[in-house]
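Participant: Relevant sequence annotations retrieved from TrEMBL are reproduced here:
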DOMAIN    B:2-360  domain 'Ammonium transporter AmtB-like'
TRANSMEM  B:6-21  transmembrane segment
TRANSMEM  B:28-45  transmembrane segment
TRANSMEM  B:65-84  transmembrane segment
TRANSMEM  B:91-110  transmembrane segment
TRANSMEM  B:122-140  transmembrane segment
TRANSMEM  B:152-171  transmembrane segment
TRANSMEM  B:191-211  transmembrane segment
TRANSMEM  B:244-264  transmembrane segment
TRANSMEM  B:335-356  transmembrane segment
Amino acid sequence: PAFQDVHVMIFVGFGFLMTFLKRYGFGAVGFNFLLAAFGIQWALLMQGWFHSFKSGKILIGVENLINADFCVGSVCITFGAILGKTSPIQLLVLTLFQVTLFSVNEYILLNLLHVKDAGGSMTIHTFGAYFGLTVTRILYRPNLEQSKDKQGSVYHSDLFAMIGTLYLWMYWPSFNSAISDHGDAQHRAAINTYCSLAACVLTTVAFSSMLQKKGKLDMVHIQNATLAGGVAVGTSAEMMLTPYGSLIVGFISGIVSTVGYVYLTPFLESRLHIQDTCGIHNLHAMPGLIGGIVGAITAAAATEDVYGKEGFIKAFDFTGAYQTRTPSVQGGFQAAGIVVSLLMAFAGGAIVGAILKLPIWGDAAAENCFEDDIYWEVPEDEESDVYHMHSPDKPDKP
Amino acid sequence: PAFQDVHVMIFVGFGFLMTFLKRYGFGAVGFNFLLAAFGIQWALLMQGWFHSFKSGKILIGVENLINADFCVGSVCITFGAILGKTSPIQLLVLTLFQVTLFSVNEYILLNLLHVKDAGGSMTIHTFGAYFGLTVTRILYRPNLEQSKDKQGSVYHSDLFAMIGTLYLWMYWPSFNSAISDHGDAQHRAAINTYCSLAACVLTTVAFSSMLQKKGKLDMVHIQNATLAGGVAVGTSAEMMLTPYGSLIVGFISGIVSTVGYVYLTPFLESRLHIQDTCGIHNLHAMPGLIGGIVGAITAAAATEDVYGKEGFIKAFDFTGAYQTRTPSVQGGFQAAGIVVSLLMAFAGGAIVGAILKLPIWGDAAAENCFEDDIYWEVPEDEESDVYHMHSPDKPDKP
Amino acid sequence: PAFQDVHVMIFVGFGFLMTFLKRYGFGAVGFNFLLAAFGIQWALLMQGWFHSFKSGKILIGVENLINADFCVGSVCITFGAILGKTSPIQLLVLTLFQVTLFSVNEYILLNLLHVKDAGGSMTIHTFGAYFGLTVTRILYRPNLEQSKDKQGSVYHSDLFAMIGTLYLWMYWPSFNSAISDHGDAQHRAAINTYCSLAACVLTTVAFSSMLQKKGKLDMVHIQNATLAGGVAVGTSAEMMLTPYGSLIVGFISGIVSTVGYVYLTPFLESRLHIQDTCGIHNLHAMPGLIGGIVGAITAAAATEDVYGKEGFIKAFDFTGAYQTRTPSVQGGFQAAGIVVSLLMAFAGGAIVGAILKLPIWGDAAAENCFEDDIYWEVPEDEESDVYHMHSPDKPDKP
């Protein structure tokens, strides 16, 4: 069941979240579908080679499928930054490389550093977001204003995007708890995530209204910033964060994310030349960093009193070679995990961005960005005519 | 899993069910999202104080989250009556009070009267609907015809609403069985609800076609009245209603609800000044009453022959202080539960309505009702232009 | 949980998959809803009479509900062929007969021939599709070009259809594994289906682009052909097909289905007078046949080495009267199952088609096909006006 929930998030959640553009709905849902289906297969192979390669055969279980979904989740995040500006071939090449780098990064964090990251604040969100931001920086298009008129939403496209938002929001507790140990840790992860998300909605609405002229709400914030709470407890959700701690984390990440959309995204675009279509810096990068830091602090502050002796060892897997690790050392390793993820993202993003910049992948001209018509057979739309057919005061054929 | 199903109903089901208005989609989904996220937190606190307050800490489990979702469900119902006529601040104030009153009413019914109400026909639907109707009566706007043109649907908004309907319809069996005892009672509740809903669809379609001129179907009935069957077996679903009984209840509630939409809603608005945007009187109030009455009868008619000796005691929790209660007495208490819910709804609705009438909450003028533009940044919609860009016979810029 | 997944597929998946027509969204979702609700009740009764009739009572469990959903699935497939060309009364009559025939066919295959068909490649897809194609052949409308302009999609209707596609795609593994034995067989079925679907997406996208002028993708292929992989492993999913085998099956069925949409559907319509609105021949009929054949081969190739002695007997139920059946004999019976399904579909479709051709069911004239306005109260759509209200350069009332 947790697997199905995560699956819905990847395909419906991320797919529809990105349909907000007025003429890029086919691309958002369709390319997301394509890269997710391709990425999952490739991720299953990568995982097989890294983790469960036995006598020439790869064993596939449901847990592998969840991990493959997680891996693809980070590609979907990156897709958000470059949405509307790349060709399907570029997306497949990107997926190929990113899944590989994700697996390497995950292997370093989980196996070498022995870091806990059940909801993937570091491995999925921080890595995926900064990777995507680096790629979009390298693919910088100076003439993107030519398609500025298509970079907005229309009424119905915003409603389609809300389908994505609601599914991501509802299933995020499953996402953060999917690979936790069954029982206590899983329940804890789900409930902490839940509290954080609920708090995040409130601060997002409050700040969206406060930062806007005339106090109107902005649909972009409701669609995105409400989810930051889930990202920001990704690492710490299965730890003893307590509901109050979760509420505070959700509270803060809602503010950070909304403020980011209002002030930081325009700044990134005009000064640093980072064209971030979906604003993943606000939804994944910053909350991901918050999540990593909160995780490190929560781990460092862990005591046997709170977890119980057995629960303590189980929560952090302090067994075998890690038997003598203390909470504060674990906190240090968690922090190291953030740094490693960032370095991998910047280095990997730079290399993959350079590869995607090669003029052989058939990407669209700047004036055709955010436009389905380049890659899709778009129906010749006579909708307006159809709409008029019932209104008596407007003759259909003048 | 049952928790996730109920969650989907509250956020996606109720949210999209109310998007049918042509220019209030953002408000329907967005405000529903806001009040649900806020209501759940407040409900968790309320429940903690009423039920599980121990040594200064509140213990949260999955069952509490389901109960909080139920509580928010009744707020969503009320939202349906005042949809499009209130400000977000008013909605938050309403949520604050209604969650409190819901908890008091639930405490009286379940703990003091020892009533069975697994699917919440009384506690959720009857209470929520009559509460909402009282509030909307007090907030009566005499000049609402000024925004009459916006109070209809458009083609696509009706399709969005069908997303809500289908999710509510599909997950209603989970809703009615979520807090039943595992095993027999839970299966019984799901299957009874299922039969009732299926029968309800058929009578709704039949009566929708029969009551309309030219025999055309009305989307409003399909969106709403098809769900009445789930409401009407809320109390009795976990009892021995038998599939045939469920089919009959669904059959009747489909008729009552459809007839209500055609004849009763216009009457309520013109004579009693109850402006009921979504027609919750037909979907929740009347079927909720039917559900309460059917529950009382089913309880009163229960015998040890049908349930088995142990099953009988377990089904009605005739243990401890209630050891000597007979089925007919239980039926009486069930009936008393309906009356208490109604009284709480009318009294509470009158008070909360009076509070919301205070001119300090920034509600919109009558001519701006059912219009997102007041509270949302609505995209400047050039969709029609974009649509035309591919039609060769209409020059884009004349 | 598997039950809920299948339920979502029938109501949301099939319902929204068929909303792609520009003016038939109400009919697609609404009539699908109606026939599914009616079909489930009728299927429960049929099953009760065929399988679990005991002392005058019908026992209903969750497994019966899944089987009823499967049965309705085959009606939804048939609905795809005649979409937009039949009245609701015709649909109900069709459902009545098809559910009956489905039950007879299923009884012959599963009980008499002792065939394995967990995902219903034969019983659901092959039977449902060829049944539907026969019916639509008999209901051939020579003047259907009169409503040709309404037989296309518009931008938003294609996005609604993608909701259907994604839900079908995600939950197909649950569909194919729903009635498998718990444990190994169920896991195997889910993972095989999953691999097949993922491979299918890739070949569909590749061939959709290759077969089109200018290499553009066609939304019709993405909506439909991506699902063929799930149909084509319906029979063999629970067997030892291995992930590699599944990938190959998915690979091939994606190609077959896409090529079918481009070349075969126009041929069927112009030469054989089969007007197949949704192209079920490409999505269900051909992949269903592939599924049946792959199932027969996989069964014939089964050895005790691969399954283990106990697993082998369990996988094919070689117990009781079938104790002496060998894999190659089972393969023959599987092949016979395909032939029986085809015969039942052609014969049944011819009879039911003839019944539906009677001029008493109130079907629409050819120029009114694919038009909701005949059976639904369609809102008088002033959307374009509303859209203009915010664009400053276009005065609202000139």
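Here the Cβ of each residue, glycine as well, is placed from N, Cα and C on the backbone.
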Participant: Look at every Cβ pair spanning the transmembrane segment (B:152-171) and the transmembrane segment (B:91-110), keep those 6 or more apart in sequence, and say whether at least 3 of them are under 8 Å.
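Facilitator: Counting Cβ pairs under 8 Å (6 or more apart in sequence), the transmembrane segment (B:152-171) does not reach the transmembrane segment (B:91-110), since there are fewer than 3.
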Participant: With the transmembrane segment (B:122-140) as the reference, which stretch in B:65-84, B:91-110, B:244-264, B:335-356 has the largest tally of C-beta pairs below 8 Å?
Facilitator: B:335-356
Participant: I need to check the long-range neighbours of the transmembrane segment (B:65-84): which residues 6 or more away from its ends have a CB within less than 8 Å of a CB in the stretch?
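Facilitator: Distal contacts: 2-3, 6-7, 9-10, 14, 17-18, 21, 24, 27-28, 31-32, 35-36, 39-40, 43-44, 46-47, 91, 94-95, 98-99, 102-103, 106, 120, 123-125, 127-129, 131-133, 135-136, 139, 151, 175, 178-179, 276-280, 283-284, 369-371.
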Participant: Considering pairs 6 or more residues apart, do the transmembrane segment (B:91-110) and the transmembrane segment (B:244-264) have at least three CB pairs under 8 Å?
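Facilitator: No, the transmembrane segment (B:91-110) and the transmembrane segment (B:244-264) are not in contact.
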Participant: Taking residues 6+ outside the transmembrane segment (B:191-211), which of them lie with a CB under 8 Å of any CB in it?
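Facilitator: Sequence-distant neighbours of the transmembrane segment (B:191-211): 119, 169, 172-173, 175-177, 217-218, 221-222, 225-230, 232-233, 236-238, 241-243, 245-255, 257-259, 262.
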Participant: Give the mean pLDDT for the domain 'Ammonium transporter AmtB-like' (B:2-360) on the 0 to 100 scale.
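Facilitator: Per the prediction, mean pLDDT sits at 86 for the domain 'Ammonium transporter AmtB-like' (B:2-360).
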